[in-house]
Amino acid sequence: MLGNLKPQAPDKILALMGEFRADPRQGKIDLGVGVYKDATGHTPIMRAVHAAEQRMLETETTKTYAGLSGEPEFQKAMGELILGDGLKSETTATLATVGGTGALRQALELARMANPDLRVFVSDPTWPNHVSIMNFMGLPVQTYRYFDAETRGVDFEGMKADLAAAKKGDMVLLHGCCHNPTGANLTLDQWAEIASILEKTGALPLIDLAYQGFGDGLEEDAAGTRLIASRIPEVLIAASCSKNFGIYRERTGCLLALCADAATRELAQGAMAFLNRQTYSFPPFHGAKIVSTVLTTPELRADWMAELEAVRSGMLRLREQLAGELRDLSGSDRFGFVAEHRGMFSRLGATPEQVKRIKEEFGIYMVGDSRINIAGLNDNTIPILARAIIEVGV
């Protein structure tokens, strides 16, 4: 039977990672995979995470199952981190998941359980795995305009016009902050206009919050999500702990379902636990316990916030350096968008041919749509990238 399987196209980003590893050149630069790296190219374990694990090692007495929906302390801590004072526990269902991707998948499954004819609106462009998962599930996908290729900013008028076509029973996937792959983000005033459109259409928002703390700060990065939560009666939020806690391999994520009333919350919580049971039963515990320990221990939380702020400000500094280098080489401000974008990524606007030349001639690897991982740069590689960008004619 297994001989009937068809070959699957490899994930382009993961294939690029393999190609980079096979490249024998000493000066090669990896700007492809979306993983934070420090100035030495290392993805470190955060100090507070180390300390939390040490506490767990000393105090844990069992490895038995936790609940189907996850550890209550983790659920509460994540709800408060994301929604702040706006968290309404009596109407919020919470699910621990296998990473942010698991949260996205369970959110889609939950919405499809509620509406078998679910249609999903996604930004053009979006994280490729969004569409891949939806296609695999057989869900109809509709794109809405988002990125302006000329300004490298948000095409907000196009976005509004396209989202106005959504209907009650549709889902609208929004990036909570640090848009992947473009780095172009909505202002709070623009979030308010999106909320007005959602109020009119009755569409269900699903907010992908994978990079809270990587853009303008923990509170600032959650502002759009909180605004939507304050105005729309039903909201799904898929959050990842991979980036802001640096626990990529622990696969720690969370799904919040904001409901109109307590009775609906009970229905959603039961359905979400059911989905976990049908998929993998109990969610991973170790990463969730790390997160809850950090967030509920004042000294660990303070140290985590300080280290996360250093990561965030470091990426902003790299953005400003790259934009400045490109300004000097080009004699113009046409690359100013690099400094304005937020998060790990920026889309440069290079053609596939230019991306290929940059890889072949300079040993610099980026995704085919010219998305670069800002965190993959350092003081030494920024001038090399800037020169490559100018020389290939971006």
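Each residue, glycine too, has its Cβ placed from N, Cα and C.
Swiss-Prot lists Gly34, Tyr65, Trp127, Asn180, Arg371 with the feature substrate binding site. Annotation for Asn180 (substrate binding site): spatial neighbours Gly34, Thr126, Trp127, Ala210, Tyr211, Gly343, Met344, Phe345, Arg371, criterion Cβ-Cβ under 8 Å with sequence separation of six or more.
In this structure, Lys243 (N6-(pyridoxal phosphate)lysine) belongs to neither helix nor strand by DSSP; it is coil. Annotation for Lys243 (N6-(pyridoxal phosphate)lysine): same-chain Cβ neighbours under 8 Å, separated by at least 6 residues, are Tyr36, Ala210, Tyr211, Gly213, Phe214, Met344. The N6-(pyridoxal phosphate)lysine annotation in Swiss-Prot covers Lys243.
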Q: Within 10 Å of the Cβ of Gly34 (substrate binding site), how many other Cβ atoms can you find? Include all protein chains, please.
A: 21
Q. Fewest other CB within 10 angstroms, which one of the binding-site residues Tyr65, Trp127?
A. Tyr65
